[in-house]
DNA sequence: AGTTCTCTCCAG
DNA sequence: CATCGCTGGAGAGAACT
Ligand SMILES: Nc1ccn([C@H]2C[C@H](O)[C@@H](COP(=O)(O)OP(=O)(O)OP(=O)(O)O)O2)c(=O)n1
């Protein structure tokens with residue numbers, strides 16, 4: 001029986017069915033009883049459209065050469081009064097510009113930025129920081145505390161060189177890591193691997209401390225090298241419980257079978273593409289024989305071979321499954337005895353136990369990922385070394401499709417020999433893993449034959465031999481592309497009883513199939529019933545590259561995800577982005593589009609689901625964003641995702657899953673690079689001029705400035721902005737309980753956001769990022785000292801002074817930018833020293849002031865400026881730091897009393 | 001009418 | 001103790017140009 005998980009829709013109290021096979025817990029069961037199907041609401045899409053930036057009639061304007069992203073950059077810089085440095089002038093395109101050049105240039109740009117950072121620091125503090133790390137070339141591996149960004153800044157400020165990527169060619173003097181998996185430990189054993197504290201302490205003491213005192217690998221002795229197999233079991237004394245642990249992602253992935261399956265698959269695909277040059281291209285006119293090989297109950301077989309010898313069980317007698325737990329744990333693989341009782345891969349152990357007869361005990365075995373990988377490698381080597389095949393297409397860790405240019409009809413005996421040889425060879429070389437093989441003149445029949453051959457067999461049948469007896473042995477979901485949902489559609493349309501493929505063939509026509517399951521799949525099934533492949537499937541043989549090449553990159557974690565505060569979400573998102581960023585750079589790719597999916601606990605699902613730390617029944621929320629220009633910058637990516645999370649607006653304690661996707665990938669192209677090198681001709685033009693031009697650009701890009709709802713800076717009434725300020729703040733307070741309605745309101749509002757609003761947010765976001773980044777680093781020492789502002793340390797006096805400043809500048813068209821910067825710095829220092837409540841107090845004072853002060857016509861500007869500071873500077877600071885607010889607020893109240 | 005985006009489904 | 005519910009791709013239909 002196939003089961004599924006039901007998720008509640010966002011807008012409709014009824015339910016939607018999704019297909020997660022063989023899985024059901026009691027909560028789901030209850031939900032199924034009330035289920036109907038509905039569509040999900042769609043969130044508004046990101047609307048910056050690259051096309052508009054490419055219009056040729058704008059070629060004369062510098063601004064028109066900028067992507068949306070760069071345009072925003074440009075405006076941001078201009079607002080800061082911080083024009084970018086004049087770039088080198090190169091206007092001609094260079095056709096030889098290669099990917100390597102790109103990364104080379106990127107490094108050069110990075111070096112420039114590092115230099116700039118040092119200069120800024122010098123200007124700000126009037127002194128050169130001690131060049132502690134003068135001759136160090138440092139690489140940071142994986143997740144660290146403090147984070148990569150901070151360490152990077154610390155290193156370059158103090159004279160070190162920072163390596164973004166580690167490669168054999170590059171020299172590296174030190175590797176920083178907080179933690180290393182055993183594999184990496186061995187890989188790095190000849191490097192100086194140090195804990196991040198080495199950086200922190202060296203800076204604190206103003207001198208380069210001996211790295212040995214901070215070595216991470218002191219414990220890597222002979223004993224450990226010899227016992228890599230035993231180590232994973234022992235683990236550290238501290239077990240990693242949920243996603244707030246800095247090492248959660250790697251520890252989780254190390255144990256996730258689905259993660260392993262996915263990464264193995266993509267590795268195999270990459271390997272195939274790498275070795276493509278040596279494989280023969282198959283022509284449509286070639287006569288073909290297809291072999292479909294697959295291990296029998298792969299994980300179960302291998303786990304059984306390496307089981308604890310104390311555990312007595314028999315593969316041919318006992319039902320055996322591979323899983324982590326013993327109740328609500330997924331079964332990755334079950335042996336054929338277990339299948340006899342109706343147990344299937346993907347089921348929960350508890351359900352499998354119910355299927356076993358009373359006197360039969362279900363045996364559970366742990367995973368052995370290392371051996372799974374080894375057996376697979378042997379399998380692929382046997383296929384390759386046999387030299388039988390013209391093409392070896394990896395389907396998964398335990399499954400490959402092999403193609404021979406050979407007429408299968410007239411070479412029957414040869415086919416039988418090949419099947420026998422390969423199966424025997426794999427069995428001996430793996431020391432006991434049986435594989436099965438289906439062989440035919442089409443992909444689909446090879447697959448059906450494989451199914452029929454299992455376990456431990458071979459079956460050959462070509463399309464000219466196809467008959468009703470054969471088709472009667474299969475069910476619809478034996479066809480590729482037919483799963484839970486399609487089966488139920490077919491059942492509804494064709495037959496209620498147990499439908500075999502022969503039944504389906506008898507009862508269906510091409511049209512009726514297409515009517516039932518759609519054009520493409522309908523045709524695919526129709527052809528399959530005649531033993532023929534559809535066009536899309538055949539591509540795998542004739543154009544494997546197009547099928548096996550990577551088109552996207554993503555990460556998804558729906559286990560162990562539990563948050564209390566938004567800061568934890570942000571931190572987790574940062575770590576996810578760091579993970580993806582590494583992959584993206586390994587691929588040497590950029591992404592122009594990012595999607596965030598949040599799994600939110602379904603309103604009526606229990607807070608804790610049946611499965612320990614599982615996601616339970618959830619509602620998915622998707623939001624995607626098209627970046628103005630493709631990027632591989634961690635900062636941009638992480639900021640974007642965190643911003644998407646805020647747009648989705650799911651309370652942290654309701655989040656059960658996080659998924660981040662780079663929907664498209666592109667290579668750094670020649671076209672992009674020269675654009676960045678264009679001279680900043682108009683840089684010194686007067687502000688009005690710039691304003692006109694940016695407006696012009698907005699217009700050209702169909703980003704309207706006229707719509708009233710977009711007038712962010714001057715809302716219709718000051719009363720409105722104050723309520724919305726208060727509402728916004730109140731609703732974000734940790735004390736809020738059961739404010740679902742308000743949240744929904746907020747989500748709806750967000751959905752109505754316009755392009756202009758999105759751009760405004762983009763600008764703020766970036767400024768926030770920079771500020772956040774800097775302030776965090778520079779304010780570290782101030783935690784327990786009185787926070788001074790303008791050399792006053794008494795808060796009451798400070799707030800008096802600030803209010804006078806507000807009062808005065810309200811009538812003068814707003815405060816000076818530089819003063820605002822100082823003010824902001826002060827606010828951030830307050831937050832960083834756990835004094836968010838004081839920021840709140842200042843916010844309230846200013847908000848009251850704006851509300852109470854009589855507003856004269858010619859003073860509109862000053863009010864607007866202060867409203868902007870309130871909304872765009874102070875509220876974000878409060879939001880960013882509200883996690884520290886709850887504890888301090890008590891003190892604040894006590895203090896006030 | 002073609003293109004892009006969002007959502008669903010599937011496989012292993 | 002529980003438990004490790006990933007990831008990439010195809011296709012349909014809606015929403016755009
Ligand atoms: N829901 C699933 C399906 C599969 N797998 C893993 C374990 C399987 O051993 C391996 C290969 O999957 P198969 O579909 O080939 O299934 P088996 O090899 O277990 O059995 P068989 O191929 O004999 O039917 O992938 C998993 O972890 N979870």
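Backbone N, Cα and C define each Cβ position, glycine as well.
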Mg(2+) binding, same site as A:398, A:399 - TrEMBL member from A:286, A:294, A:296, A:503: A:294
Neighbours of A:294, A:398, A:399 excl. site residues, C-beta within 8 Å of centre, Mg(2+): A:293, A:295, A:298, A:395, A:396, A:397, A:400, A:435
Residue among binding-site residues A:294, A:398, A:399 with least C-beta crowding, 10 angstrom cut-off: A:399
Secondary structure content of the domain 'BRCT' (A:128-216), with strand meaning DSSP E or B: 29 helix, 13 strand, 47 coil
DSSP state at residue A:399 (Mg(2+) binding site), helix/strand/coil: strand
